[in-house]
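Undergrad: Starting off with a structure, shown below.
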Amino acid sequence: MVKAVSSSKGAAKVEQKKSAARSGVKKNASKSQASLQDTSSPLKTSSKNAHAKKDVQAKGAVGEIKQVIGAVVDVQFEGALPNILNALETENLGNRLVLEVAQHLGENTVRTIAMDTTDGLTRGQKVFDTETQICVPVGEATLGRIMNVIGEPVDNVGPIATTKTRSIHQKAPEYVDQSTASEILVTGIKVVDLLAPYSKGGKVGLFGGAGVGKTVLIMELINNIAKAHGGYSVFAGVGERTREGNDLYYEMIESRVNVNPKDNNGSTKGSKCALVYGQMNEPPGARARVALSGLTIAESFRDEGQDVLFFVDNIFRFTQAGAEVSALLGRIPSAVGYQPTLATDMGALQERITSTKTGSITSVQAIYVPADDLTDPAPATSFAHLDATTVLSRSIAEKGIYPAVDPLDSFSRMLDPLVVGEEHYTVACQVQTILQRYRSLQDIIAILGMDELSEEDKLLVGRARKIERFLSQPFHVAETFTGSPGKLVPLEETIKGFKGLCAGDYDDLPEAAFYMVGSIDEALEKGKRLIAEAAS
């Protein structure tokens, strides 16, 4: 079709151009009928959703490509120009290509950003205005599926069985619709619920390097929210490695968060998480919009009364892609080369992640800090929106304590006696005080040994080591690796256990009794068993 449309470039008269456009639409329709009969390829499967809209496309204005520079495509129209953020469609090497209008130039020309590769486009090629913005499918049919930035399935399982779609560009909820109540979202993970609790509708920054358990923690959060709250999750891979995205998909199936369509006659019914990927190799337009696509799906669940967990990995790459798009559009960069609209772009995303009177979206965002510089504009802009941070420590992971959350570096604005209650706040402060004192004594212990400590400090060190181990917890999604069944611990049990540890109620139990258990009752049983084994 590209050649057929391109050959009309030499036509000089307006009537000839219109005739070529009409013939191009007819050829496009015949191609779509042929592709509907072949579902073996994910690209052809994806094109089903695209060709379903051909009638709408034909009603919109028809333009012509005038210039292609990387991911930027200039399109000229004869009449009225498409609105800013409108989606334009053309065909590139047999595949559907979506262009998003970014600027209105002179001479009836718009500048657009491509959502896929522009290799193969030619000047004079016809482009159709869809008269709407980029829309993605929403609803329960998206659960268990992998989609790209424009909502096409890329998991080779067939089309997404829904007719409900929503524009990726939505306004933040009105003030009157937002919920002002401060409520904890219990995750069932002891270290998070006690020391850095998440709030419904809150935003959490997840800091962690490679191999410290970030992916496992993300998967456990998805698993626990789904089981304890009956809620859904959405994972947006922004600039992700393809390998990591593939691993996450299959790990979710193995841990029963999602249903394997191959084992369920092609159906993903019963799945709890939708995945939207804009991979590292994709153009900046796709990486800059994929977070909005994922958020749109999460918003639809929230508006249906669900408590949704929304993951973004990595929020820095969202900013990075925005900087690339800004440079391609010719904007003058601001500090450190970032786009001048950095704060606006970040605010437009973050302000949509909020609770309403019907449901909530809780966001967990992985954040990369360039060169460990927290003053870099990208992470600094993100920090302004965070309600809590969960820091994963390599030194804790080296001790074999998982989840490897640093109890002293992690914090939450929800840890306030007016929100969590006096007892919870007091116990959390006692735990942090003991661990902080233990950290300050570690140099003395390393040089002089435990014998040089006072009796009071020896007692404190013993409690601190038990607290450290009690902060560990077997995860459901890691059962195949640990051999231990996962534990979801209620908040009341968590507070009860750490309150007793701080008070010295369990000073007589061995440290090993507190390692990789759920509630304090399990630790007591394990301790009695260990003491009996040692006595025999």
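Cβ from N, Cα, C; glycine included.
Sharing the features that Swiss-Prot gives for it:
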REGION    1-57  region 'Disordered'
COMPBIAS  30-49  compositional bias 'Polar residues'
BINDING   GLY208, GLY209, ALA210, GLY211, VAL212, GLY213, LYS214, THR215  ATP binding site
Undergrad: Around THR215 (ATP binding site), how many other CB atoms lie within 10 A of its CB?
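TA: So the Cβ neighbour count for THR215 (ATP binding site) comes to 18.
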Undergrad: So if I draw a 10 Å sphere around the Cβ of GLY211 (ATP binding site), how many other Cβ atoms end up inside it?
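TA: Its Cβ has 11 other Cβ atoms within 10 Å.
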Undergrad: Taking the Cβ of GLY208 (ATP binding site) as centre, how many other Cβ atoms lie within 10 Å?
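TA: Excluding its own Cβ, GLY208 (ATP binding site) sees 23 Cβ atoms within 10 Å.
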Undergrad: Including all protein chains displayed, how many Cβ atoms other than that of GLY213 (ATP binding site) lie within 10 Å of its Cβ?
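TA: A count of 20.
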